[in-house]
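Notes follow the structure.
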Amino acid sequence: MSTTLLQMRGIVKTFPGVRALDGVDLEVRTGEVHCLLGQNGAGKSTLIKVLAGAQRPDEGTIEWCGDKVSLRGPAAAMKLGIATIYQELDLVDGLSVAENIFLGHEPTTVGFARRTEMRGNARRLLERLGHGEIDPAQEVGELSSASKQLVSMARALSLDARLIVMDEPSAVLAHDEISGLFRVIEELTRQGIAIVYISHRLDEIREIGDRITVLKDGRTVAEDLPAASTATDRVVSLMTGRSMVSAFPERKSGSAPENQNELLRVADLSRTGEFEDISFTVRGGEIVGIAGLVGSGRSEILQTVYGARKPRTGEVELEGKRLPPGNVRAAVRAGMGLAPEERKSQALVPYESIAHNVSLAALGRYARLGWVNRPGEQAAAEEVTTALRLQPSDTKQPVRVLSGGNQQKAVVARWLLTDCRVLLLDEPTRGVDVGAKAEIYALVRELADSGVGVLLVSSEIPEVLGLSDRVLVLREGRIVRESPADEIDEAEVLDLFIEGSAA
Amino acid sequence: MTEQSQTDTVPASESRSATAEAPRTRIARGRFSDGNQRQILGLLAVLGILIAVGSFTTDNFFEVSNLVLLLSQASIIGVLSIGMTFVIISGGIDLSVGAIIALASVWATTGATQEFGLWGMLFTAVVVAGVCGLINGVLIAYGGLVSLIVTIAGLASYRGMATLISGGQPQVVRVDGFGAIATTEFLGIPLLVYMFATTVVLGWLLLNRTTFGRHVFAVGGNAEAARLAGIDVRRTRTIVFVLSGLCCAIAAIMLTARTATGASTHGNLYELDAIAAVILGGTLLSGGRGTLIGSILGVVVFTTVNNIFVLNNLSTPIQQIAKGVIIVIAVLLQRRANKESAG
Ligand SMILES: Nc1ncnc2c1ncn2[C@@H]1O[C@H](COP(=O)(O)OP(=O)(O)OP(=O)(O)O)[C@@H](O)[C@H]1O
Ligand SMILES: [Mg+2]
């Protein structure tokens, strides 16, 4: 249908002690959406870093429009027309939208940036993406994840990119924002721009993708698969070497949770501009899911319950005892835990080892009088990371070199180690591959079965519905529906979201 | 990260053969502490070179008396660098240590304090320096002020207080037991060195074997993550500055005993020596990463340089230039080591 734009052959990249890429081939054609699939740690992000010129391959060739090229740095890749939107967004928070879009190639007059022109151009690019509402003068740090991503995309357009690489763009987006992203992608491909799209959500691949390349353990194991017609089972077994596992664990039969006593009671919680009059309870052994769009206040609710934010009104009770508002330590002491949404900024200590990161919140359990029992700590960390199939298995590695999905596993693992009574999970499976998702679900269910109350927030509606016992649907900071999970389906939840925007 | 590729000097063929048998599994050399270990090996190498230079250029470098002298010279800055390591790993900086030494030494040697004898003087030094550290810590952790600013203010005001109390005059130590701290020896090694060694061991255990030490790394590496993990970030920050204060107390006692005076000029610019040693030892100024052993080696390297220069009768300005050069080279090496293991 179209010509080959990019051909990578036999790419090898080693890091001290790890062979991240071990002979990868990738062929991308103009105007296609090329999906790159693989388990966590398969080498996807490393491959696109090579393509972006951010990492130099040890071996292999790269052909661009039929010519052999060597990408000596990010600038060289950009010059060819390769733009990359990284898994961990890499915008400068303190700069404005326009400054970020043109960072490194500002229109200048003798060294001075022409700011008005820059803002005008930025606005035009954002409009081309269908998001003229983003103000070019605004500081990027104040934007939502979705808007930040659009800024990255505008940046790619400003570079006249012919190939845009997107590393798990949908992981930080809500349902409606993903459709927005897909519209943008379709528009871009119509203009002949090729997209390399990485995601762990196979339904997205089917919807937007043209062809699939599958990586496993740093090697290309399948190329040129048609995205629309390849069976999911086939893709999963190529990625994992196993056949598809059933995703969600069984709920405990009958009405077991109802017999349990209330662990968490939240009453009339409000925060100005974020959410109003939130009341709900979580029983021991119960998983309560919150479904809501980004911006509906779901993460804010979790953080307020946890004491990381102070409510305007309302109270939180744990096992009948009222928690002081805005006090994380009190919440933790009372037996609460929160796995936060943003792994990089809110959860991980980059230079510390996997083991130290995983044990951080539970360190008291492995210490006596402040003295850490290191073998005990190590063993516990290894047990939980093995259960989650966290790679690499050597828990002395610094968490900073892990792939995105493996970092996420470390965040979840941290809270599985604590003996908390109530666990708040904010997007626990963001960026995690299909196989490992099932492991996380099983562990969360196991935890609930042992009497822990779980409050779950996720952008993936099937995850909320599949894992929870009871679901709260949130719209614009209010609970609009509470229902047992098996009495509500995805379409209904989506209707509830949309009703709000129609009203 | 983006320049990582340019400094990657390992030839492709070599790295391939290293992993050929066991693709994608860790090989023994790639341990977590690799970066730290490399740093420490680097410092040991530098030290080895210095020792070689010392023994070639002078006759008496290896004399026991010189080595003992070297160690006792390293003791005071060494003790300071221990507290400084905690502060810097936690993401802060303490510029007030020299001034705290001055204040503690002056306060411990006033006529009134000396009436209480040896233990009264020791107690005073510990309390004064500890309280100074506490004030720093509380202002930083609970007042939300930047440590650089708070400790610059401390640098000025603690030394000002020391001058005020002493009237600008050195105060002679008249308590015999106190002077003995500097002169007592066991097995030919001065008490000062034992004090230093004890502080090192205690500091190392605190940093590497306790929950508090873990919290220091977490707070410096990602304070928000530490807070959300239920760690008392403010308390951790405060304690770190108190520890630095207590190290100042020990240093003040050592210095006062050695000079047999308490003076408001004591400890001038010691903060820079301590910080330089910590950075040379591989602790990141931005926090979250570092080793105590590195800091100690840093101190020993600087002291050895001084020692060699003195033995060779080279002037102070040349010493200072050499120190500057060593710092720059070390930080350059450090950056390289980080890049090699970075993503
Ligand atoms: N700087 C680095 N140093 C050492 N190892 C690294 C480094 N960067 C990546 N790796 C390793 O390389 C492998 C591939 O990582 P990569 O980030 O490419 O995976 P990925 O396919 O993007 O996974 P995910 O789906 O989780 O994002 C992992 O095992 C990772 O630990
Ligand atoms: Mg990745």
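Glycine residues also receive a Cβ, built from the backbone N, Cα and C atoms like all the rest.
For B:1-18, the entry in TrEMBL reads compositional bias 'Polar residues'.
Feature annotation from TrEMBL assigns region 'Disordered' to B:1-23.
What TrEMBL lists as transmembrane segment is B:40-58 (among others). Sequence-distant contacts of the transmembrane segment (B:40-58) (same chain, at least 6 residues past either end, Cβ-Cβ under 8 Å): 280-282, 291, 293-294, 297-298, 300-301, 304-305, 307-308, 311-312, 326, 330, 333, 337.
The transmembrane segment annotation in TrEMBL covers B:64-88 (among others). Beyond its flanks by at least six residues, the transmembrane segment (B:64-88) meets 94, 97, 101, 147, 188-190, 192-193, 195-196, 199-200, 203, 206-207, 216, 220, 240-241, 243-248, 250-251, 254-255, 270-271, 273-275, 277-279, 281, 283-285, 287, 290-292, 295-296, 298-300, 302-304, 306-307, 311 of its own chain at Cβ-Cβ distances under 8 Å.
Among the features that TrEMBL reports, transmembrane segment is placed at B:95-112 (among others).
Sequence-distant contacts of the transmembrane segment (B:118-139) (same chain, at least 6 residues past either end, Cβ-Cβ under 8 Å): 94, 96, 100-101, 103-105, 107-109, 145, 147, 150-151, 154, 158, 175, 177-178, 237-246, 248-249, 252-253, 256. Annotated transmembrane segment per TrEMBL: B:118-139 (among others), in sequence order.
Positions annotated as transmembrane segment by TrEMBL: B:146-166 (among others). Residues of the same chain lying 6 or more positions beyond the ends of the transmembrane segment (B:146-166) and with a Cβ under 8 Å from any Cβ of it are 87, 92-96, 98-100, 102-103, 105-107, 110, 132, 135-136, 139-140, 241, 262-264, 266, 271.
Look at TrEMBL and you will find B:186-207 (among others) tagged as transmembrane segment.
Cβ atoms under 8 Å from those of the transmembrane segment (B:238-257) belong to residues 75-77, 79-80, 82-84, 86-87, 90, 92, 94, 97, 100-102, 104-105, 108-109, 122, 125-126, 128-134, 136-138, 140-142, 147, 173, 178-182, 192, 195, 199, 206, 212, 216, 266-267, 270 of the same chain, restricted to positions at least 6 beyond its ends. The transmembrane segment annotation in TrEMBL covers B:238-257 (among others).
The feature transmembrane segment is assigned by TrEMBL to B:292-311 (among others).
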